[in-house]
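Asker: I grabbed these lines from TrEMBL:
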type	residues	note
REGION	1-21	region 'Disordered'
TRANSMEM	86-106	transmembrane segment
TRANSMEM	133-152	transmembrane segment
TRANSMEM	172-189	transmembrane segment
TRANSMEM	195-214	transmembrane segment
TRANSMEM	226-253	transmembrane segment
Amino acid sequence: MGLAGIGSDQSAATLPPARDPGFTPRTLSTAVMDLIRLLRSLEEFLYELVGWLVFYPRMFWRVLIHPGEVALYTRRELGKDSDQRFSDAISPVLMLILSVAIAHALEMALRMSSPRLSTPVGQLLFSSEQGLLLTRSAVFCVYALGAALGTLRRQRLPVNRETLREPFSIQAFIACPFVVALALAQAAAASPSQAGPFTAPAIGALAVAWYLWARMRAFVALNGGSALRALGSVVVSFLLTTIGVVGLFAAVIL
């Protein structure tokens, strides 16, 4: 090896190791900004959560007692700018999702067993808590969608995003007590020795009767006409939607 090679090896050996730059002013500023954004997001989430605790029970009671007035209220709110809608309530779809979450939480609190299916689709829909929650949300959204499509058909309106928004939002509100009542019926059915043998069927029948009545009241409030005729249309729509949901699950799961 030549002298030049030896000298280059010695100089390379004497070079100091690379130093960790650590926190530079730029990286420190970025970390601080990320922390601020995280805190602001947490603040918005907590504020939204507190709003749910206030607005959900109040809106639930309004839907339960005055579904017709809620239908008119929804129509008025949807006529406003998007950033001003439902400022004193929860948006319809979010309230429906929260109702499904409450029903699911009730099931978890009572340690009720979930359906166990051997098919791949059945396992995807029911094997996990997330899948079960999404499946229930989708089912009740289908009920709201079926009612909304029936409304558009009776009004002879085309189906698009704008025409579908109002009836679907109204039906999402109306479905919320129905969701919770069915969860109570399911809880009573899971423990008949404590709730009694007739409690679950009574709650279930009352839930269906109220749901049909609420949809009828909403239809009359928005469109007028005979309550009996509106009830007949609602019953037909409810039966068709139920048959469609049951048939879809039977075709997909079995």
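Placement of Cβ uses the backbone N, Cα and C atoms for every residue, glycine included.
Remember, TrEMBL labels are computer predictions, not curated facts.
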Asker: Considering only the recorded stretches 86-106, 133-152, 172-189, 226-253, state which has the highest number of Cβ pairs under 8 Å to the transmembrane segment (195-214).
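Answerer: Ranking 86-106, 133-152, 172-189, 226-253 by Cβ pairs under 8 Å to the transmembrane segment (195-214) puts 172-189 first.
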Asker: In the same chain, which residue numbers or ranges, 6 or more beyond the ends of the transmembrane segment (133-152), come under 8 angstroms Cβ to Cβ?
Answerer: 93, 96-97, 99-101, 103-104, 125-126, 158-159, 163-164, 167-168, 170-172, 174-175, 178-179, 215, 219, 233-234, 237-238, 240-241, 244-245
Asker: Residue list, the transmembrane segment (86-106) vs rest of chain: Cβ under 8 Å, 6 or more residues beyond ends.
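Answerer: For the transmembrane segment (86-106), the sequence-distant neighbours (Cβ-Cβ under 8 Å, at least 6 residues beyond its ends) are 51-52, 55-56, 58-60, 73-74, 77, 129, 132-133, 136-137, 140-141, 144, 168-170, 172-173, 175-177, 179-180, 182-184, 187.
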